[in-house]
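What TrEMBL annotates here:
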REGION    1-24  region 'Disordered'
COMPBIAS  13-24  compositional bias 'Low complexity'
DOMAIN    58-166  domain 'Fructose-1-6-bisphosphatase class I N-terminal'
BINDING   GLU92, ASP110, LEU112  Mg(2+) 1 binding site
BINDING   ASP110, ASP113, GLU258  Mg(2+) 2 binding site
BINDING   ASP113, GLY114, SER115, SER116, TYR222, LYS252  substrate binding site
DOMAIN    187-309  domain 'Fructose-1-6-bisphosphatase class 1 C-terminal'
Amino acid sequence: MDDPDSGSGHGSGADSDTGVGAADEPVAVAEAVLDAAAAAAPEIRAGLPGRRRYLDDENPSGEDVLAADVYADELLEERLGDVDGVGTYASEEREATVDTGDGAVSVAVDPLDGSSNLESNNPMGTIVAAYDAPLPASGRDLVAAGFVLYGPVTTMVAGVGAPDGTAIHEYLVTEGGDREDLGRIALPDDPTVYGFGGRVPDWPDDFAAYVDEIEDELKLRYGGAMIADVSQVLSYGGVFAYPALESAPDGKLRLQFEGNPVAYLVEGAGGRSSDGARSLLDVEAIGIHQRVPVHVGSPELIDRLEAALDGVRNR
């Protein structure tokens, strides 16, 4: 059943050529981008089994690259770049952006988030962010964001529109690549799960003290793919964080590809996001592959985290 304030509850809004016709407005373009990502999802999933090997290469963030990363990236560049109104394609797997036309919408993609899970056959997914601005862009310039989760079933969590007040929906992605609306997502009032990235000895003392409190209250859920962990938070309430580390004070996750779209989705579902001091959507964008500490989840838990980190920010 479609929610009347969704703006994105449907099967597949774009035509077979991923064109948006005369309605070449940013929101319509962004809707078509999400449809194109959903349409590509069954192909990405089907292509994973034969692409579990590592290549002799690294991405711009210095991470080893799997054949599956390259496959997903190339497919998404083709499909999302073909959407009328998309002018720029950027990927976590590429150093530079790709010019895809004269459109004003810029698309930033993590083609296969958590791809290291492929060897152990654990969940992973695709993150898509559509900005009505050149890249790098502020999270406030988002006109849509979504992620596809390749779990026991393939689902998409997505929203369309300006960040404030956007309804976030979950969709079943069919074998044909259509989206079937499963309803609006809202974080539960009573949080139950947490998941934190990085090595414990690498956590700053203030964050470690926060963790000591949280682990007495919530259940650990951490699987090595950010969107799988965020999906747990969206379903059950709680907190996910990949904080600043002693070895990586700017964090490990990328603002354009991961921080902004996940913040958009969690905030739209009634949660909060933070870099430790402010909403991730308010972090100044200074580079395509810019890193940022990421903390998202139930509002009260993020409030407590910011209070715990206040001493760090003011030193």
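From the backbone N, Cα and C atoms, a Cβ is placed for every residue, glycine too.
What TrEMBL says about a protein is an automatic prediction, not a curated fact.
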Name the residues of the same chain, 6+ apart in sequence, whose Cβ is under 8 Å from the Cβ of LYS252 (substrate binding site)? GLY197, GLY198, TYR242, LEU245, ARG291
GLU92 (Mg(2+) 1 binding site) to ASP113 (Mg(2+) 2 binding site), Cα to Cα, whole Å, comes out at 9
Across the domain 'Fructose-1-6-bisphosphatase class 1 C-terminal' (187-309), what is the average pLDDT of the model, as a whole number? 97
Within 10 Å of the Cβ of LEU112 (Mg(2+) 1 binding site), how many other Cβ atoms can you find? Include all protein chains, please. 30
Rounded to the nearest Å, what's the C-alpha distance separating SER115 (substrate binding site) and GLU258 (Mg(2+) 2 binding site)? Just drop the number here, would you? 14
ASP110 (Mg(2+) 1 binding site) and SER116 (substrate binding site), compared by Cα position, are separated in whole Å by 13
Within the same chain, and leaving aside ASP110, ASP113, GLU258, name every residue whose CB is within 8 angstroms of the centroid of the CB atoms belonging to the recorded Mg(2+) 2 site, in sequence order. GLU92, GLY114, GLY125, ILE127, PHE147, MET226, ILE227, LEU253, ARG254, PHE257, PRO261
Looking at Cβ-Cβ distances, which residues of the chain lie under 8 angstroms from ASP113 (Mg(2+) 2 binding site) while being 6 or more apart from it? MET124, GLY125, THR126, ILE127, PHE147, ALA225, MET226, ILE227, GLU258
With DSSP helix as H/G/I and strand as E/B, how many residues of the domain 'Fructose-1-6-bisphosphatase class I N-terminal' (58-166) fall in helix, strand and coil? 22 helix, 45 strand, 42 coil
Euclidean distance between Cα atoms of TYR222 (substrate binding site) and LEU112 (Mg(2+) 1 binding site), Å: 17
